[in-house]
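K.L.:
Not my notes, these are from TrEMBL:
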{"type": "REGION", "residues": "221-263", "note": "region 'Disordered'"}
{"type": "COMPBIAS", "residues": "242-262", "note": "compositional bias 'Basic and acidic residues'"}
{"type": "REPEAT", "residues": "361-402", "note": "repeat 'WD'"}
{"type": "REPEAT", "residues": "403-444", "note": "repeat 'WD'"}
{"type": "REPEAT", "residues": "489-522", "note": "repeat 'WD'"}
{"type": "REPEAT", "residues": "538-572", "note": "repeat 'WD'"}
{"type": "DOMAIN", "residues": "762-866", "note": "domain 'Small-subunit processome Utp12'"}
Amino acid sequence: QFSGLLGTVYRRGNLAFTRDGNSLLSPVGNRISAFDLRNNKCETYPLATRLNIACVGLSPDGSLAILIDEEGSALLVSLVGKCVIHQFYFHKPVHSVSFSPDGKKFVITKDNVALMYHAPGRKREFNAFVLDKTYYGPYDETTCIDWTDDSKCFAVGSKDMSTWVFGAERWANLIYYSLGGHKDVIVACFFEENSLDLYTISQDAALCVWQCDTELDGLKPMPRKGEAQENNPAKDDEEFLEEQKGEEIRGKANPSEKESRNKVKYSRVAKHFFNKEGDFNNLTSAAYHKKTHLLVTGFASGIFHLHELPDFNLIHSLSISDQRIASISINCTGDWIAFGCSGLGQLLVWEWQSESYVLKQQGHFNSMVSLAYSPDGQYIVTGGEDGKVKVWNTSSSFCFVTFTEHNSGVTAVTFTSTGYVIVSASLDGTVRAFDLHRYRNFRTFTSPRPNQFSCLAVDSSGEIVSAGSQDSFEIFIWSMQSGRLLDILSGHEGPISSLSFNPVKCVLASASWDKTVKLWDMLDSWRTKETLMLNSDVLVLAFRPDGKELAVAALNGQITFWDHENGVQTGSIEGRHDLQIGRKELDKITAKQAAKGKSFTTLCYSADGQSILAGGLSKFVCIYNIKEQILVKKFEISCNFSLDAMEEYLDRRKMTEFGSMALIDEGGGGEDGVAIPLPGVKRGDMSYRHFKPEIRVTCLQFSPTGRSWAATTTEGLLIYSLDAGLIFDPFELDIDITPSNIHKTLRQKEYTMAIVMAFKLNEKKLIQEVIEAVPSNEVDVICTSLPDLYVEKVLEFLASAFETSCHLEFYLIWAHKLLMLHGQKLKTRSVKLLPVIQFLQKSIQRHFQDVSKLCEWNIYNIKYALAISRQRGMKRLAEETTVGEEDLDSDSDYLM
C-alpha cells in the first residue's frame, strides 16, 4: 500500500501549523504532508483529493482538517485517524477557509460571498456541513478571512479593494459596511488581540490600521423581533440550491447617517507602505501573530519582512528565494515562520529570533527522471531534469544533500556496492561520482568528443563505470579509481537506451533502438559475447538479482525474458493492454487507439526475482508474476485530475463547436504569473502560459530489503510498502495452535515450542510477546534448538522489531546468536535470504548511527564537565594558596 511521498514538499495552497506548533501541514499536489519539526520526520497521509489542494483549514483542537481542491470539492479529514470522514462539493472554487477560535463554526469564501457553516461536532451527523449564514457585500471575489478571538465577528477581504466586518451572530450595534482606503487587491486582514481593531494589507504593499470605537464586550445582541429586518431569503437563487436553509445577510457599502447612528464605527488611524525604496514587487502573502504583534509579509521577489505592530517597526528583512512567496504561516508560540514558494516547490521554516533554519526542503524543479536505492535500503538518490542530484532518507523522508554540479538534465543515477558513492549521468556530456562522506564531486568522467549520456551502469565491485551515448551510439567505459577512459564499445546502430551489469558475472548488457541487445564480456577485452535480436526497438532491460535471467522491454509493448547464457528466450508478456493510457486534453484520437504506440519504459525485478514491476507513460504500474506470466496487480499511482492524460474519455462538457476548452488559456498574465516581470510590465509576463503536466512513471526500483518499491512520477517520488499488520497470514496452522495454548506453553517455559507455535499463527504482537518473554541467558540454547525453517522467520521479525522496539540489546543478542549458530546454513541460501539480511542490516545501521551520535554527545558533555571541575579545583587551590601566604605574612609580622 502507499506509504510515502518524497521529492515534493510543497505545490500550492496555504500552510498550516498544528495546535502544538511542532508540526506543519503542507499541501503537495492532491495530497497532504505533515512535517514533524521536533522529531525531524515527514509523513504523507494516505488520502487524496480529486484535484490539487487549493486551501487547508485546521480546527482549533487540531483533530480535524478541511481540504478543498481547485474546483471546490472538499474533504473533511481526521488528523488523528488519518482518514476521510465526509465529502462535500461547494460548486465553485474556494479562495480561503477558516475555523472560528471556539471551533463551533467555519467560514469559506467563494465568488463574492462568505458562507458560514456549523463545524462538524464530535457526535455522529448525517450531514457534517450545515450552512448557517450567507454573507453578501463585496462586489468582486473574496480573498481572505480572519476571526476575532472570541468568535463573535470575522473580517473578509476582497479583490474590489474593500474589507468587510461581519458578525457570526446578529449584533444590534454592528452594521455591515466596507472599509476602503486601498488601491489594490486585499491580500490579508487581521484583528488585533481581544479587540475589533483591524489591519488590512493590499497587494500594492500598503497597510491600513483601523481603530474601532467599541470593545468586543460592547457588542449588543439583536432582539428577537428585529431579526427579519435585514434577512431577505432569496429562494429562487440558483447558485445556492444545495444550501437553501442558510440565512442570507447583505451588507451595505454606503450606509446612511441614520443607519450608522449609535453603531460600531471604524476610523483609519494610520497607513504604512512597505516599498518606500521601490525595490519590491507585489506583496503576495502575509501572516500575523496576535500575542507577539508580529507581522510577516512575503513579496513576489522572494523577500520577506518582519514588522512589529501597531508601530510598524521593521525587525528585519531577508530574501529566501527569487520566486514569489505563496504562503506564510506562524506557529502558536510565534517562534517559527513557515514559507512556501510554489514556483520552485520550496518549503522553509525560519526561527526569526535566532535567525536560523528549522527546516529547508526543496523538491526537483522539473520532473524526476531516475532513482536508485542504496544497498542497505536506507537512502534513495534521485536525478531530475533540473540537473540536480538529491539524496533522501527513507525513514525521515527528508532530503539531506543536493548536488548541483550538472549543467543539464540528469538521465540516470546509481549507488555503488559500498553505498557511499553515487554516480550520475547527464545530457551535459559528463558522468560524475559523488562522495557521501564529504559530500563532494570527486570524479568527473568525460568522452573524447562531447556526447549526451542517456544511461548508466556500475559493476558489482564499483570499479567499472559505463555510460551509453544518444548521439554517437557508443558505450564508454571508465575506471573509478583513476578516472581514465578504458574503452569505447562500438557495434550498435542506434542510440543506447539502457545498460545493466550482471550482478554475479562480469558481463555488461546494452539495449539499443537498433532492435538488439548486446552482451559484452568484461574479462575478454570487452568482446561481444552474444547479440539478442528483437522485433522492435529496445527501451529498457534489467537483470534478475541472481544474474541468471534478463528482462527486456521493447517498443511493441512486449516484455521478453532471456536465458542470456544460451541466448534463448524463455518467456514473454504482452503488456500493452495493461498500461491503459489516458487521453490528453488536446488529443485528436481516443486513448484506445493511442495505446497501440505505447510501451513500458522502465522495468525492475522484485528482490526475490519472482515478480517484475513495469511502468511507462501511464498512471498505472503493473506487477507481473514471471513464472506464470500473468498480471498480479495494477497500482494506480495517482488520482489527481490536475494532471493531463488521466481520463480515458474526454469530458463532453469541455467540448465546444470550436474545439476543446483546454485550448483556452485562462491563467496568462494574472497575479499568479511570473515573479520577475518584463520591463514596464506590472502584471506579470503576458506571454506566460500555464500547462498541465502529463502523468507518467519514469523509473521504478525495488528496495534491497524487499519490503517496498519506489517510483519517480510526475507527482514526485512515491513509495509503496508491505503492511503486514492488516493481514492474517498463518503458516502451517494446526487446530491446537491458539493464543491460549501459546500462553500456556509459555508459562511452562517451553520457549522453543512457544516460538514455533507463535510463528505458525503469525500474529506479530503475539510473536513479540513470546520472544520478549524469553530470558536473555537462555537465548543461546533456544537458537540452537530452533528448526532451520523458523530461523529465517525469526530474523525477519527481528529486522522489523528493531525499527520500533526499545529493547535494543536484547534483540541484538538474538540476531548475534542466530547468525553465529546458523551462519553456514544461511550462506547456502544467500540469494533467497539477501533481502532479509539487508533489512536487518538497515535497521541495525540506523540504531548504530543514532546511538553513536548520542554517545559522542555524552562523551563531549562528560569531558566538558570534567574540564570545568578541574578548572574550578585549580582556581580553589590557587585561592587557598593565596590565603595561606597571607596568613604566613600576618604571623611573621606578629612575631616581629
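Note that Cβ sites are derived from N, Cα and C of the backbone, with glycine treated the same way.
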K.L.:
Excluding the flanking five residues on each side, which residues at least 6 beyond the ends of the repeat 'WD' (538-572) place their CB within less than 8 Å of a CB in that stretch?
P.N.:
497-498, 500-505, 507, 509, 511-513, 515-517, 519, 530, 532, 579, 598-605, 607-609, 612, 614, 624, 626, 629, 831, 834
K.L.:
Hey, which bits of the same chain come close to the repeat 'WD' (361-402), Cβ under 8 Å, at least six residues off its ends?
P.N.:
4-10, 35, 40-44, 344-348, 408-415, 417-419, 422, 424, 426, 428, 432, 434, 436, 439, 693, 696, 698-699, 701-705, 707-708, 710-714, 716-717, 719, 838-839, 841-842, 845-846
K.L.:
When DSSP states are grouped into helix, strand and coil, how many residues of the repeat 'WD' (361-402) land in each?
P.N.:
0 helix, 23 strand, 19 coil
K.L.:
Mean pLDDT for the repeat 'WD' (361-402), rounded to an integer?
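P.N.:
It averages 89.
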